[in-house]
Each structure stands twice: as structure tokens, then as C-alpha cells.
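Lifted from TrEMBL, the feature list:
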{"type": "ACT_SITE", "residues": "GLU447", "note": "active site, proton donor/acceptor"}
{"type": "COMPBIAS", "residues": "45-56", "note": "compositional bias 'Low complexity'"}
{"type": "COMPBIAS", "residues": "71-89", "note": "compositional bias 'Polar residues'"}
{"type": "COMPBIAS", "residues": "90-110", "note": "compositional bias 'Basic and acidic residues'"}
{"type": "COMPBIAS", "residues": "168-184", "note": "compositional bias 'Basic and acidic residues'"}
{"type": "COMPBIAS", "residues": "198-208", "note": "compositional bias 'Basic and acidic residues'"}
{"type": "COMPBIAS", "residues": "531-543", "note": "compositional bias 'Polar residues'"}
{"type": "DOMAIN", "residues": "271-546", "note": "domain 'MYST-type HAT'"}
{"type": "REGION", "residues": "1-113", "note": "region 'Disordered'"}
{"type": "REGION", "residues": "168-220", "note": "region 'Disordered'"}
{"type": "REGION", "residues": "525-550", "note": "region 'Disordered'"}
Amino acid sequence: MPRRRQRVHVGSGSDGTEDSDSSAEREQTNSSESDGNIPKRTRLTRASLRLSQSSQDTPDVKQDESPPLTPTGNAPSSESELDISSPNASHDESLAKDPALRDSDKDLSHRPKRRRCHETYNFNMKCPTPGCNSLGHLTGKHERHFAVSGCPLYHNLSADECKVKATTREKHEEEAKVQEESNRHATRHQTPTSRQTRYKEQVTEMRKGRNSGLSKEQKEKYMEHRQSHGNTREPLLENITSEYDLELFRKAQARASEDLERLRIQGQITEGSNMIKTILFGRYELDTWYHSPYPEEYARLGRLYVCEFCLKYMKSQTILRRHMAKCVWKHPPGDEVYRKGAISVFEVDGKKNKIYCQNLCLLAKLFLDHKTLYYDVEPFLFYVMTEADNTGCHLVGYFSKEKNSFLNYNVSCILTMPQYMRQGYGKMLIDFSYLLSKVEEKVGSPERPLSDLGLISYRSYWKEVLLRYMYNFQGKEISIKEISQETAVNPVDIVSTLQSLQMLKYWKGKHLVLKRQDLIDEWKSKETKRGSNNKTIDPSSLKWTPPKGT
């Protein structure tokens with residue numbers, strides 16, 4: 001008879017979250033007590049359960065005494081966290097069906113242990129799109145797909161059409177690389193080249209008819225397609241915009257599908273099921289952008305409920321409502337080092353408030369692509385910006401900073417929550433990080449690589465800092481070293497910004513910084529129109545001393 005599986009819930013509180021520290025201690029207690037007459041806990045995979053149920057004559061499979069670990073270092077909380085897509089699982093099923101194989105391999109204890117193999121496809125899975133046979137891929141580079149993002153049928157294409165489009169895209173990319181190499185060795189042009197001018201004219205010509213509207217027959221065709229397939233197919237996109245913009249959109253779809261396929265092969269997500277699509281955060285419902293390594297029992301729900309004050313994550317709105325009724329947190333833990341008006345910044349030590357910082361990193365990974373820090377938060381300080389009202393201090397954004405940075409990075413990771421983007425809070429966070437560098441009497445720079453939005457924000461900030469310095473500068477010779485010492489911006493970032501503004505020239509063996517009055521006047525007019533608002537950091541409101549001995 002197959003051994004009955006016991007479910008053990010580790011460290012789960014009434015709010016639906018799991019404490020990694022308490023679960024680790026409980027695992028150690030259980031392992032220390034499993035001696036003498038107390039049997040050791042075993043964990044059965046799905047393949048071995050099917051094997052024991054298909055035939056009662058099958059010999060017992062020797063179980064691994066130590067289950068694999070999750071990214072937190074704890075044993076997985078359910079059997080679904082174990083990898084069942086390895087070739088050994090299909091071998092077990094064939095062994096249970098064929099008596100000859102079962103008799104020839106009775107001693108299963110000498111078989112090699114299962115290995116995690118994410119590079120192999122699980123052919124038992126199928127694409128969720130109705131009528132799809134899982135063949136082909138939107139990128140044209142793979143033979144099979146298992147998610148809607150890579151389904152040609154969902155995008156109203158065939159597998160052959162995807163391959164043709166992939167070949168065309170590769171040719172265009174090769175031509176672009178050749179052109180980039182040729183421009184790299186050419187002289188820097190102050191005006192666009194003739195090739196760039198012709199390309200701009202072609203794009204303008206292709207975009208002329210994008211607002212012409214759909215004809216009556218096209219509208220009927222599109223409505224018929226929507227009524228026939230509903231949400232199981234992508235809407236028809238032809239003639240809605242220009243061919244140029246539509247091709248750009250198709251390229252972005254193919255690139256996103258390729259990124260998801262890469263993450264799936266690396267084992268970070270499963271085929272279309274282990275990715276959180278939305279989170280309920282305070283009074284906002286946010287659509288996620290990237291995968292975050294939440295525990296599988298939470299990630300596979302697709303929708304997560306997060307407390308906006310303590311950042312604990314829960315499975316249902318009922319659990320969240322009960323948690324909010326008893327949650328005593330109204331602001332982040334740590335010390336409030338800045339306050340002006342409704343804006344406050346709290347300094348949170350990753351060593352003292354480990355769980356909060358881990359939850360903050362997991363939340364940030366939903367909206368950041370280049371982020372790898374999830375659990376090892378002890379060497380970092382987190383500066384959390386909030387906006388206060390009568391209900392509490394609401395999370396606006398944060399940046400993390402290494403306590404002892406060898407390369408003097410003043411920011412390791414920076415994020416503005418989506419509901420507060422494009423409102424000036426990103427520049428406030430960046431300005432606050434450089435204000436701390438000025439107090440420390442250091443020159444700072446963000447850690448690379450930056451995310452796409454982070455790079456845009458930093459370039460905009462560096463441009464504003466340099467133009468303000470040029471506006472207030474009264475001397476005749478400008479020194480990059482002096483600019484760096486006064487603004488705490490790294491000289492490398494200053495030079496790259498000057499080059500992008502075409503304010504750095506090489507003449508007679510020397511590099512010259514040009515004071516472009518047109519850019520300065522344009523910046524000054526924008527500053528005047530913007531007026532005095534609270535989206536700036538006031539150095540006099542900072543109450544902070546550099547930490548020592550951390």
C-alpha cells in the first residue's frame with residue numbers, strides 16, 4: 001500500500017504570510033527530533049504517487065531524506081515546489097505500465113537521484129489557447145510553446161509566418177549593427193546624416209495614414225472576430241495604425257515572448273502559470289511588469305494582496321481585510337531622517353528589519369527587470385519615501401544603499417511605485433541619494449546596470465544639475481572636478497551627460513566644455529513655468545548623520 005502523505009504547514013500565520021526565520025527553526029527542530037522510534041518525514045513527488053497508485057506490485061521507491069531547498073533556504077511547503085518535469089518522471093510512468101521493465105529494475109534504490117532539468121520541455125502541457133497544438137513560437141526560434149505569450153494562433157499568425165518574420169527581423173538587426181559599426185569609426189556629426197534624414201522622412205510618410213479610421217467593412221470584420229473568439233485571440237490590429245508602428249509593436253511582442261521563454265528555461269517561471277499578474281496595494285490595483293520570486297503557492301494565484309504599510313502578502317481579500325483590522329503599522333520601520341510637508345523618508349536597516357526589507361525587495365521586483373537582491377538584505381540600508389495623510393504614510397518609492405560600498409555607489413536599487421510615476425518623485429529620490437553623498441563628503445554614482453526607467457530618470461537629473469550649475473556659474477573656465485565636488489556627481493556621469501548635450505568638444509588637443517546658452521535658457525523657462533512646488537528636496541529638513549561601524 002502506498003504511504004499516506006502528511007501535509008505540514010510551516011510558519012503560516014493568520015494573515016497568510018510565512019516567516020522565513022521561524023520556518024527555518026521549525027525545520028531544524030523537526031530534524032533533531034527524528035531519531036529513535038520517531039520516523040523521519042518523507043516527501044513524495046507526483047510521479048512517485050502515480051507510480052504507486054498504478055500498480056500495487058511496484059516496489060517502494062527510496063525517498064531522499066533531505067528535500068530540495070527553496071530560495072529562502074527552507075524546505076518547500078508543498079509538493080508542487082518540487083520539479084516534476086525531469087525525464088525521470090516520464091521514465092517512472094513507463095516503468096509502471098510495462099511489467100517487463102518493472103521486473104528488470106526492481107532494485108530502484110541504486111537509481112541516480114533526480115536532477116532539476118529546466119532545459120527540457122514538459123510535453124504533457126498544452127497551450128491554453130483553444131484549438132492550438134502547441135507547435136511553433138511567436139519568436140520563430142522554438143518548435144513548441146506552452147504560454148499564450150508565445151502562441152502564434154493567439155496572435156492570429158501561423159508558425160510559418162512567425163519564422164518568416166523572425167528571419168526578416170534578424171536581417172534588419174544585422175544591417176543596423178553594420179551601420180552602427182560604420183558610424184562608430186566615423187566623425188561625430190553635429191547634424192543628422194543623409195541616411196538618418198531619409199529614414200525620418202520615410203517614417204513620417206508611413207505614419208500619415210494612421211488616423212484615417214476604419215471603414216464600415218473593416219469594423220464589421222473586427223467585431224465578428226471579437227464575437228467569434230472573445231478573449232481567446234488577440235484583436236485584429238491591421239489598419240488601426242501605420243504599418244511602421246504595427247511592426248514596432250510586433251517586435252516588442254516577440255522580444256517580450258523571448259524574455260519569458262528565457263526565464264522559463266532558467267526555471268524562474270513556469271509555463272504561463274507562475275507569474276503574478278496584478279496586486280492589490282492600498283486603494284490601487286497595479287498590473288505587474290516582471291516576475292518576482294514569491295513562494296509558489298502565492299505566485300500561482302495570479303493576483304496578490306499586499307498590506308501597504310507592513311508589505312506582508314496574502315492570498316485573498318478576506319485575509320487582507322482581517323489583517324488590516326489588526327495591523328498596527330502606519331509607517332515603515334526605522335528612523336525618520338527627513339520630513340517636509342507630507343513627504344517623509346525613513347532609514348530602514350536590512351539587518352534590524354529583515355522581513356520588511358525582503359518583502360520590499362519582492363514587491364520591487366514586480367516592476368524592475370535588473371534586480372537580483374531578494375533575501376540577502378542585511379548589508380544594505382533602505383531609504384523609503386512616503387506621503388502622509390490621515391490614514392498613514394503611503395509608500396511612494398525607495399532606494400537601497402550598500403553600507404560599505406567599495407566603489408562608492410550611493411544607490412544599489414531604486415524604484416518609484418507605478419501610481420506615483422511621472423510626478424517628480426523619482427528625481428526627489430535621486431536628489432536625496434546625492435544629498436546623503438554630500439553629507440558624507442563623497443562622490444556617488446548608481447550601481448549598474450540601471451533599469452530602462454531608472455536610466456531615463458538619472459539622465460534627466462544629471463542634465464538638470466549641469467544646466468543649473470552652468471546658469472549659476474560666473475567664471476571663465478569650468479572644471480569637471482569642481483562640478484563633481486560641488487554636486488557629488490561622478491565625473492564619468494558628468495562627461496557622458498555633457499557629450500549627450502553636445503557641450504564637450506575636442507579642439508587642438510584639449511577637451512573644452514561649451515556653455516550652450518540655448519539649452520540653459522530652455523531649462524530656465526521650464527523652471528519658471530514649473531514654479532515653486534513641494535517636489536524638491538530641502539537640505540535643511542534632513543536630520544541624518546552617516547552611520548558608523550555598520
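Just so you know, glycine gets a Cβ as well, placed from its N, Cα and C.
Within the chain, the compositional bias 'Basic and acidic residues' (198-208) has long-range Cβ neighbours (under 8 A, six or more residues past its boundaries) at 192, 242-245.
In the predicted structure, the domain 'MYST-type HAT' (271-546) carries a mean pLDDT of 89. Under DSSP, the residues of the region 'Disordered' (525-550) split into helix, strand and coil as follows: 9 helix, 1 strand, 16 coil.
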